[in-house]
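Below: one structure, written as structure tokens.
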Amino acid sequence: MKRITASLAAIGLLAGTAALADYPEKPITIVVPYGAGGGSDIMVRTVAPYIEKYLGDGASIVVENRTGASGIIGWQAVHDARPDGYTIGVITTPSIVTKPIEGKAEFTWQDFTIIANMVTDPAALNVKKGSQFKDIAGLVDYAKENPKVVTMATGNFGGDDHLAGLQLEKLTGAEFTFVPFPGVAARNATMGGHVAVGSFNLGEAVNYQDSIDILGIMADKRSDLAPEVPTLKEQGFDVVASSQRGFAGPKGMPDEAVEKLSAAIAQAVNDPDFRKDAQNQGVVLDFADSADFTAQLDAFDKAMRKIWAESPWLE
Amino acid sequence: MDLFSPLLDALPAVLTFPNLLAMVGGVLVGIVVGSLPGLTATMSIAVLLPLTFTMDPLVALGMMAGIYNGAMYGGAIPAILLRIPGTPAAIVTTFDGYPLAQQGRAGYALQIALLSSAFGGMMSAIAMMVLAPPLSLVTLAFGPPEVFWVGIFGMAAVAVFLGEDLPKGLLSALIGLFIGMIGLDPVMSTDRFTFGQLELESGIDIVVLMVGLYAIPPCLEMAEDTARAVGARIRLDFQPFLKTIREIPRYFRIWSWAYFYGIFVGLLPGASGSFVSFLAYERAKRMSKDPESFGKGNPEGIAASEFGNNADNAAALIPTVTLGIPGSSVAAVIMGGLLVHGLQPGPDLFRNSADIIYGFMIQMFLTSLILIPLGGSFATNLFAQVLRIPRPLLIPLIICLSIVGAYCVQNSLFDVWLMFGFGLLGYVMSKTGLPLAPVALGVILGPLIESNLRLSLLLDVRNEHILFTRPICMVLIALLVLTTVLPPVWKHIRARRARAA
Amino acid sequence: MKSIHNDVVLGTGVAVLAALGIHRALGFGADARVFPLLVLVPAVLLGLVIAVRGHLKQRRTGETPDFFASPGRFALVAGGTALALIGLRYLGFLTTSAVTIPVLAVALGYRRPLPILATTAGFLAMVYIVFIQILSRPLPAEIWTRLGGS
């Protein structure tokens with residue numbers, strides 16, 4: 001994979017991009033495929049000054065929102081941009097992987113130059129405080145005995161919350177009634193007791209433990225953000241699901257640009273001031289460089305294609 | 001509970017110089033942004049947010065409060081002068097604001113809008129100061145079944161906006177409901193009427209629709225109107241501000257209804273302030289002794305609309321600060337601002353950062369108050385000069401402004417064409433006597449009603465008919481019958497009796 | 001000369017479009033089609049009501065209200081806007097406005113150069129300051145920057 005990226009970068013260089021020793025020489029545009037003020041947007045606007053700082057030499061970043069079609073419009077814009085390192089974008093899982101599988105996009109994630117991952121927010125199952133469900137086993141048993149009676153608030157169908165719930169169903173044979181709420185409304189419905197359980201990410205749940213209990217997170221190991229919350233794995237359910245946010249550029253970006261950006265993002269993620277900002281926003285930082293992130297995406301892509309082939313999550 | 005001591009404790013910090021400067025600056029930016037269609041408070045706060053990272057949290061919040069309240073008034077300016085709602089919430093302001101301006105009373109209309117906005121904002125801030133924690137319970141109690149009925153309530157208000165020709169009024173409402181349906185279906189995410197256009201998948205942005213529907217048709221009609229096309233300036237009629245202030249008591253009754261609706265809808269997540277204005281306007285018209293004058297330049301219509309959409313402001317922040325559930329998209333960005341400064345919404349916010357959160361509430365109040373001098377003197381006078389521009393020059397200006405506004409919503413050229421398409425639709429509607437107001441109401445409420453209905457049906461896993469059996473639903477249904485079904489029936493019976501006698 | 005009442009055209013048009021919409025909506029999933037049908041079926045009926053009513057009214061009164069007050073000027077502004085939208089993609093927003101405003105104003109019969117120039121300049125300055133400087137909105141790139149750069 002790496003060799004392919006490298007050779008493509010070489011082609012990019014041959015195609016006439018000037019030597020990039022002094023990268024960046026002009027402002028870098030980061031395309032956010034979601035609206036101004038949303039979670040991804042605020043995250044990028046928060047980290048941008050730190051990336052500028054670590055790129056050095058008065059580097060500047062312009063954040064551009066290209067919204068629509070669950071991210072596809074923004075990604076298409078990144079995909080079509082000139083691979084000179086001056087237009088990159090935020091990519092998020094599962095959409096960047098699942099939308100092409102659903103046949104909604106004309107590209108796949110392999111058509112991008114993967115730069116780095118920044119955030120991995122594990123999926124979590126949450127209930128209103130005082131709920132009858134105290135752990136995952138209790139929830140699953142009840143849902144098995146009473147099929148379709150347990151309502152589970154999720155985001156849009158096909159999103160990570162819904163996919164997480166589907167994976168749990170598949171593993172245990174329990175049956176839930178999924179109720180798709182837009183945005184933070186899933187948490188609202190859970191806090192208000194309108195649904196039995198809410199499937200939303202740890203980052204959205206961690207700061208509201210006054211009114212909700214987090215039954216478990218779908219990660220390999222416990223999160224630094226909430227070390228007291230057990231994983232589903234510990235509780236005997238091998239389900240891992242998360243939403244990742246990282247950066248990618250058009251295919252064929254020069255190696256130097258990727259390396260410089262990746263290094264700057266890594267330094268930003270380790271900056272104590274930024275870590276504090278991120279903690280406050282419930283952002284679960286998890287840096288992965290181009291190779292690691294690519295491997296993660298590849299594994300996720302394979303898993304999703306398998307699920308889609310067996311039982312599509314959308315009609 | 002001692003209410004005033006936390007407020008008094010927070011006051012000195014609010015009155016420091018940098019803080020006041022941030023509020024004044026915020027209000028000015030807000031008015032400008034609000035008055036330009038396509039630019040929203042949400043967008044401006046999101047873009048300016050990084051600048052506030054290094055500021056003192058209260059200074060940052062003061063700026064946000066200013067932008068928020070300023071923008072809500074700013075939207076009324078083009079609504080009155082040009083019949084272009086600067087923000088979706090100002091749609092209703094056009095109904096009477098624009099006719100008043102055409103009658104040469106633009107100045108007066110702007111003053112009423114300003115006072116209503118300012119008092120609406122202040123009263124909303126007071127509700128937030130006094131009742132934030134108990135009111136946040138409303139947010140939690142209203143699930144999809146309850147919100148569905150609130151949506152039906154709003155749809156019942158459409159009767160007032162249908163105009164004289166019933167079939168055409170109803171057709172307009174259906175056109176609105178249809179436009180609201182374009183995009184991904186709210187539950188199954190299937191494409192509906194997108195014709196394979198990716199740009200249509202997330203639906204049609206209300207700003208794009210409104211700019212096209214409201215701004216373009218008058219340009220085309222003004223151009224056609226050869227006799228008045230050249231020359232013909234409009235008088236502004238600025239009566240002394242104090243005189244307008246003395247008229248305030250006349251609006252108290254309308255304002256109190258607008259207040260109730262504004263607070264209530266503000267607390268409901270997902271229901272935007274644009275719909276408050278419709279409810280308040282309907283109530284004002286129903287209460288009026290002269291309902292015929294509405295839509296022809298009755299200042300009471302402006303008072304209802306503008307008070308309503310500003311009363312929504314602080315109310316939408318109540319669930320934001322108490323529960324972390326933003327009541328509107330602006331509230332969502334402001335929550336982002338709170339989080340960046342380590343202010344986690346929830347009960348702890350009131351315990352640990354009382355100075356800041358109560359300070360912020362005071363800022364919500366003060367920025368509404370500052371609106372009066374800033375809006376009254378500087379902004380209103382400046383903007384009203386737009387009417388002095390000769391029409392042949394005004395037409396291309398409005399067109400260019402509409403283009404940049406539609407473009408900026410999502411940085412999309414597609415949206416600009418869409419806006420133009422809606423402009424032609426609006427022109428045809430205006431020529432054939434189809435009213436525009438029901439379209440707006442349909443677009444706003446259609447998705448709200450459909451998604452909450454379908455979520456309710458999904459939630460009803462035990463077949464308990466939760467839409468009809470949940471207690472709050474039953475109360476809402478009773479209210480609906482009392483306020484919309486009974487009055488016409490009652491009127492009919494009385495008319496019959498009168499004839500019989 | 002016998003012509004057709006506006007309402008007949010409007011009503012028939014709406015009924016036909018709504019019927020096409022129904023045809024499309026029938027292809028949606030079971031739940032997704034309910035709401036569209038609830039809107040489109042009444043729209044067909046209302047369209048027919050309006051058309052029939054318009055026809056009867058015309059037969060009774062013999063009036064046919066004009067649709068366009070001035071087709072020429074309508075075409076001028078609508079066509080001008082369409083040209084501006086095409087120009088937007090290639091010239092950029094500021095350049096397009098700088099052309100559109102004076103040209104359209106003159107075409108509409110306003111011939112005083114000073115106010116035209118002042119207003120155009122004021123508008124461009126406003127857009128530059130508010131949209132580009134303060135809120136850093138990325139407007140369609142100006143043709144000048146593309147010619148100059150790279």
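Glycine residues also receive a Cβ, built from the backbone N, Cα and C atoms like all the rest.
Where the annotation comes from TrEMBL, it is an automatic prediction and has not been curated.
Feature annotation from TrEMBL assigns transmembrane segment to B:20-39 (among others).
Per TrEMBL, the feature domain 'DUF112' maps to B:20-439. Along the domain 'DUF112' (B:20-439), the predicted structure has mean pLDDT 86.
For B:46-68 (among others), the entry in TrEMBL reads transmembrane segment.
Among the features that TrEMBL reports, transmembrane segment is placed at B:80-100 (among others). Taking Cβ pairs closer than 8 Å, the transmembrane segment (B:80-100) reaches residues 34-37, 40-41, 71-72, 74, 106, 108-110, 113, 206-207, 210-211, 214-215, 218, 272-274, 276-278, 280-281, 294-302, 304-306, 308-309, 312, 383-384, 386-387, 394, 398, 401-402, 437, 440, 444 in its own chain, all 6 or more past its ends.
Listed as Cβ neighbours of the transmembrane segment (B:112-135) (distance under 8 Å, sequence separation of 6 or more from its ends, same chain) are residues 3, 7, 69, 72-73, 76-77, 80, 93, 97, 244-245, 248, 251, 255, 258-259, 262-263, 266-267, 299, 302-315, 317-318, 321-322, 347, 350, 358, 361-362, 364-365, 367-369, 371-372, 375-376, 380. What TrEMBL records for B:112-135 (among others) is transmembrane segment.
Annotation comment: TrEMBL describes B:147-163 (among others) as transmembrane segment.
According to TrEMBL, the transmembrane segment annotation covers B:170-188 (among others). Residues 158, 162, 194, 200-204, 209, 429, 434-447, 450-451, 454-455, 458 of the same chain lie 6+ residues outside the transmembrane segment (B:170-188) yet bring a C-beta within less than 8 angstroms of a C-beta in it.
Residues annotated as transmembrane segment in TrEMBL: B:258-281 (among others).
Under the heading transmembrane segment, TrEMBL lists B:356-374 (among others). Long-range contacts of the transmembrane segment (B:356-374) within the same chain, counting only residues at least 6 positions beyond its ends with a Cβ under 8 Å from a Cβ of the stretch, are 6-7, 9-11, 13-14, 19, 23-24, 26-28, 31, 57-58, 61-62, 65-66, 68-70, 73, 114-115, 117-122, 124-126, 128-129, 132, 310, 313-314, 317, 321, 343, 349-350.
Per TrEMBL, the feature transmembrane segment maps to B:394-420 (among others). Among residues of the same chain six or more beyond the transmembrane segment (B:394-420), those with a C-beta under 8 A of the stretch's C-beta atoms are 36-39, 43, 82, 84, 197, 199, 204-205, 207-209, 211-212, 215-216, 218-219, 222-223, 386.
Sequence annotations record features per position, and here TrEMBL assigns transmembrane segment to B:469-490 (among others).
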Result, the transmembrane segment (B:46-68) in contact with the transmembrane segment (B:469-490) (3+ CB pairs under 8 Å): no
